[in-house]
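Working notes for the structure below.
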Amino acid sequence: MWRNSATVSFSSKLLSCSSSSANPNYFHYASAFSIFSPNGVVDQTLSPSHQRFYCSSAVPSPSPSSGSVIKLGFLANKSDAFRPLCLKARDAVQLARHYGRCYWELSKARLSMLVVATSGTGYVLGSGNAVDLAGLCYTCAGTMMVAASANSLNQVFEINNDAKMKRTRLRPLPSGRIAIPHAVTWASSVGFAGTALLAWKANMLAAGLAASNLVLYAFVYTPLKQIHPVNTWVGAVVGAIPPLLGWAAASGQISLNGLILPAALYFWQIPHFMALAYLCRDDYAAGGYRMFSLADASGRRIAAVAFRNCLYLIPLGFIAYDWGVASGWFCVESSVITLAISAAAFSFYRDRTTQKARRMFYASLLYLPVFLSGLLFHRLSDNPQCLAENPNSIVELPSFPEAVTESEEDDQKKKVRYVTAGPQGRAPVAYASIAPFPFLPVPSYVDQ
């Protein structure tokens with residue numbers, strides 16, 4: 001019934017408007033049917049120009065033919081049928097954007113990507129000559145998921161504290177944009193998936209390091225922030241594990257060479273977080289956190305701790321060069337950037353102001369990417385000097401320590417090769433020349 005009444009009113013207005021218009025094709029069928037409600041009443045949400053167009057004349061006009069009525073009625077039904085689908089699609093897109101944004105903030109995505117960068121650097125350093133790109137991608141993906149899980153659990157446990165701080169009160173949980181059970185489900189899912197991916201595509205050592213770091217961050221460091229200022233040093237241990245995870249994923253083991261980058265991450269985090277704690281000390285106090293800065297109103301102890309740990313970074317470049325991890329150029333570059341961050345820390349120690357603390361914070365932000373880039377660019381995948389001296393002494397041996405001797409014309413001089421397990425099943429070697437003890441394996445630099 002409503003279609004007939006709508007059609008009569010529609011036809012009279014349509015023909016009247018067509019008579020007053022010079023263009024007989026002025027009418028737009030899709031727009032016409034959008035103004036009628038099921039009871040045949042004109043929709044009041046139309047703009048005035050559309051209402052004028054359809055209601056400009058009240059002169060009665062003859063009804064349209066039955067064929068046009070059927071055609072127009074079919075178009076109207078078709079438009080009404082597709083409208084709910086469009087609304088559902090729009091709602092689905094908006095819902096996906098909402099939860100995607102919440103997951104991004106729960107994961108602290110930018111911080112997690114920094115963790116992935118350190119883990120990927122450790123993987124490349126532990127890969128030797130050839131880097132397995134698929135393995136690198138799997139390691140980075142697993143690290144990203146585990147880091148996202150740890151950060152999400154951290155926000156679940158600190159929801160009441162975050163609500164009291166200006167810097168964190170707009171996070172998804174304090175602002176009520178996502179429910180706590182939803183956040184816990186998200187954190188548990190990505191944490192389990194990341195650990196399983198590392199165990200499947202890398203090795204159990206890397207998966208164990210990832211799982212232990214998640215537990216250390218979410219269940220030790222997080223509650224410790226409200227108990228004792230030692231939480232800063234525990235957090236530094238958490239930040240030092242990802243590059244070790246990458247090294248273990250590539251080489252399948254932990255060695256001294258693989259500890260250089262974790263040591264750099266550990267010592268770097270102390271001045272970085274000391275500067276942050278000084279700048280945000282009022283906010284931390286409002287949130288109920290027991291940071292080191294709250295017990296040091298003058299900031300002298302904070303500045304001293306920051307400067308001391310900057311000095312600990314100085315020998316790392318020399319150690320990387322001496323152990324054959326990087327070239328001499330990295331030793332120079334590392335010394336320069338370490339002296340720069342040490343100068344910023346010393347300036348803060350002499351004049352403990354917000355400006356100097358912020359300068360030290362920015363210097364720490366600059367230090368890490370430069371250090372990682374230099375270590376990757378100047379890395380040494382093999383021991384070139386030893387290989388040049390022994391070009392014909394390379395044979396495949398099992399991945400356990402053993403000594404191999406080679407007789408030469410002079411029986412007093414023996415060359416011994418010490419074999420250790422290497423990345424991806426390979427057996428990297430190191431050489432040493434021993435005169436009186438031909439069967440004593442001496443572990444000089446071993447390419448990990």
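Residue 1 is the first one shown; counting continues down the chain.
From the backbone N, Cα and C atoms, a Cβ is placed for every residue, glycine too.
Annotation comment: TrEMBL describes 133-157, 178-198, 204-221, 233-254, 260-280, 301-321, 327-349, 361-380 as transmembrane segment.
At the 8 Å Cβ cutoff, the transmembrane segment (204-221) and the transmembrane segment (260-280) share fewer than 3 close pairs (sequence separation 6 or more) and do not count as touching.
Most Cβ pairs under 8 Å with the transmembrane segment (260-280) belong to 361-380, among the candidate stretches 133-157, 178-198, 327-349, 361-380. Long-range contacts of the transmembrane segment (178-198) within the same chain, counting only residues at least 6 positions beyond its ends with a Cβ under 8 Å from a Cβ of the stretch, are 99, 102-103, 106-107, 138-139, 141-146, 148-150, 152-153, 155-156, 159, 172, 206-207, 210-211, 214, 245, 249. Within its own chain, the transmembrane segment (133-157) has Cβ neighbours under 8 Å at 103, 106-109, 111-113, 115-116, 119-120, 123-124, 127, 171-173, 180, 183-184, 186-188, 190-191, 193-195, 197-198, 201-202, 206-207, 210-211, 213-214, 217-218, 222-223, 242, 245-246, 249-250, 424, counting only residues six or more beyond its boundaries. Cβ atoms under 8 Å from those of the transmembrane segment (327-349) belong to residues 271, 275, 300, 303-304, 306-307, 310-311, 313-314, 316-318, 320-321, 356-357, 359-360, 363-364, 366-367, 370-371, 374-375, 377-380 of the same chain, restricted to positions at least 6 beyond its ends. Long-range contacts of the transmembrane segment (361-380) within the same chain: residues 114, 117-118, 121, 124-125, 261, 264-265, 268, 271-272, 275-276, 279, 320, 324-327, 329-330, 333-334, 337-338, 340-341, 344-345, each at least 6 residues beyond the stretch ends and with a Cβ under 8 Å from a Cβ of the stretch.
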